Structures are given as structure tokens and as C-alpha cells.
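What TrEMBL records for 42-292 is domain 'G-protein coupled receptors family 1 profile'. Annotation comment: TrEMBL describes 26-49, 61-87, 99-121, 142-159, 200-219, 240-259, 271-294 as transmembrane segment.
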Amino acid sequence: MIIMINSTQVSYFTLAAYFDTEGFKYLFFMIIMSLYILTVCANVLLIVIICMNRSLHEPMYLFLCSLFVNELYGSTGLFPFLLLQILSDIHTVSTSFCFLQIFCLYFYGSVEFTNLAVMSYDRYLAICYPLQYNTQMTSNKVAFLIAVIWLPPFVAVFVTTSLSASLQLCGNIINKVYCDNYSVIKLACYDTRVNNIYELIAASLTIPVPVSVIFYTYIKILKVCFSGSKQTRQKAVSTCTPHLASLINFSFGVFFEILQSRFDMSSVPNMLRIFLSLYFLTCQPLFNPVMYGLNMSKICFICKNLLLGSAEKCRSSNRFVQLE
């Protein structure tokens with residue numbers, strides 16, 4: 001017998017994907033904590049480097065800065081919550097916090113795809129129209145594109161979350177380690193056609209549209225590369241490789257998460273399901289700063305100078321102490 005519970009009466013959700021890890025929970029806690037600290041440090045370092053160096057105040061690096069801010073935001077929407085849940089014996093979350101987390105994580109994913117699409121458009125102009133690039137990519141256009149990255153996903157995800165929060169629910173058990181919109185919709189007592197239609201429209205705008213822009217721009221870039229000079233090919237490879245790696249990495253994680261939400265994945269081991277559902281939320285925020293930090297020559301050069309400068313200062317202070 002199913003007891004109908006009005007959504008206003010549901011005070012908490014139970015996250016049923018957690019299992020007893022016995023003595024390993026402190027190990028998992030340390031791994032997640034280390035990953036979070038590395039993610040925050042890497043993204044903050046690159047954000048500060050881009051903001052503090054005037055030579056990096058170019059469209060490409062400003063879009064990168066936007067990407068790193070999103071990684072910082074997305075990881076903060078998940079990691080502290082995971083750390084608390086790992087140490088807790090009761091895996092529950094209040095309804096208000098659950099919907100807040102849904103908004104944060106969906107907003108993060110939407111901004112990620114839009115940001116990558118804008119970056120591919122920027123590379124398309126720089127490689128295919130190098131002489132017109134400065135006149136095309138003005139400061140006003142950069143500001144407009146950054147607004148496009150953040151505002152439409154905000155509106156789309158806000159409406160999605162609001163529709164889900166208004167649902168009448170017949171349960172409060174979510175079979176995930178974090179709050180997920182589709183899992184909440186499945187708990188609804190009545191027809192959720194409106195929610196499903198809107199979510200489909202929102203998903204088509206936040207995923208297929210940016211991915212279509214990326215495919216179109218890269219087809220144009222490849223055409224120029226095959227017909228252009230060696231220098232053009234080198235420029236395309238140096239700036240597009242980290243972008244493509246980031247896109248493939250994130251798309252893989254999102255693709256599996258969509259599959260897991262819509263289809264029965266009970267044949268997949270529980271630990272593997274949890275890892276793959278967390279992949280795009282935990283690995284991408286660290287993958288991007290490492291990938292771009294190592295592959296973008298200007299950023300890499302400034303990072304090396306900072307590290308070498310710090311090491312030289314330490315050696316100088318040690319010599320001074322020894323002399324004293």
C-alpha cells in the first residue's frame with residue numbers, strides 16, 4: 001500500500017545508494033577531501049593568474065577564467081556534502097537543501113557545456129578569421145558571451161527545480177549518493193508530463209545546442225587546418241587539444257549519468273555505479289585546470305615562474321638563516 005505524502009509534508013529525503021563501508025569510510029573521506037583541496041587550489045591558482053596578469057586579459061583566457069569559476073562552484077556544490085555523508089551513519093538530507101543541490105549541480109552541468117561551446121566559437125574565429133579576430137571579438141562581445149554562458153542556464157535550471165519542488169510526492173527515497181532531479185520526479189504521485197516535457201526542452205537547449213555549435217566550429221577548424229599552413233595547424237592543435245579533451249571527458253560522465261537515471265543499471269556493481277555517477281562532478285573540476293595549466297603555454301610559463309620564484313626565495317632565506 002502506497003501512502004500519499006504531500007510535497008509540503010516531506011521534510012527530508014533518504015539517499016539509499018550509500019552502503020556500509022566498515023573501516024574504509026575514513027579512507028574514502030581522506031580521498032574525497034584531498035581531491036576537493038586539489039580542485040580548489042588548482043582552480044583558484046589559475047583564476048588568480050588570469051586576473052592578475054594583464055597579458056592574459058584576452059577573450060580566450062577570460063572564457064577559461066569563467067570555466068574555472070564554474071569548476072569551483074560545481075565542486076563546492078558536491079564535495080562538502082559528500083564528506084558529511086561519508087562520515088554520517090544516517091544518510092538523509094532536508095528537502096530544501098536537496099532542491100538547492102539539484103539546482104547547483106544542474107546549473108554547473110549546463111554552464112559547463114555552454115562555456116565549452118563559447119570557447120569553441122572563440123577558437124573558430126581565431127583560427128578561421130585571424131585578421132578579423134580583434135574586430136570581431138570586442139570587449140562588448142566578450143561580456144555578452146559570458147552573459148550567455150551563465151544567464152540562460154540559470155533561468156532554465158531555476159524553472160526545472162521550481163517545477164520539481166512543487167510536485168506532490170509518494171515517497172522520499174532517492175537511490176543516489178546526492179540529490180538528482182529525475183529521481184525526485186519518479187517519486188511523484190501523479191502524472192509528471194509537464195515536468196518531463198520541460199526537462200526535455202531544457203536539456204535540448206543546454207546540451208544538444210552547445211554540442212552542435214562545437215561540432216560545427218570544429219568542422220570549420222579542421223577544414224582550415226587541412227588547407228592551411230603548418231603554423232595554422234600547430235596553433236589549432238595547441239589551443240584545441242585541451243578543449244577537446246575537456247569536452248570528451250565531461251560528455252562521457254554526463255552520458256553515463258543520463259543512462260543510469262533512465263535505465264535499469266542493477267547489473268552494474270554498486271561501487272562502479274557510484275563512481276561513474278560522480279565522475280563528471282568530481283573529476284572534471286580537477287581535470288580542466290590541470291589540462292589547461294599544462295597545455296596553454298602562457299599559463300604554464302607563468303606557473304613555472306611562480307614555482308621557481310618561490311623555490312628561489314626559499315633557498316635565499318635558508319642561506320640567510322645559515323649565515324646568521
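Cβ atoms here come from the backbone N, Cα and C positions, even for glycine.
TrEMBL does not curate its annotations; it predicts them automatically.
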Residues sitting near the transmembrane segment (271-294): Cβ under 8 Å, six or more positions beyond its termini, same chain?
-> 17, 32, 35, 38-39, 42-43, 45-46, 64, 67-68, 71-72, 74-75, 78-79, 82, 105, 108-109, 112, 176-178, 242, 245-246, 249-250, 252-254, 256-257, 260, 265, 300, 303
Hey, would you say the transmembrane segment (61-87) packs against the transmembrane segment (200-219), going by three or more CB pairs under 8 A that are 6+ residues apart?
-> no
Based on Cβ pairs under 8 Å, which of the stretches 26-49, 99-121, 142-159 lies most in contact with the transmembrane segment (240-259)?
-> 99-121
May I ask which of the stretches 26-49, 99-121, 142-159 has the most CB pairs under 8 A with the transmembrane segment (200-219)?
-> 99-121
With a Cβ cut-off under 8 Å, give me the same-chain residues at least six positions beyond the ends of the transmembrane segment (26-49) that come close to it.
-> 56, 64-65, 68-69, 71-72, 75-76, 79-80, 82-83, 86-87, 282, 285-286, 288-290, 292-293, 299, 302-303, 306
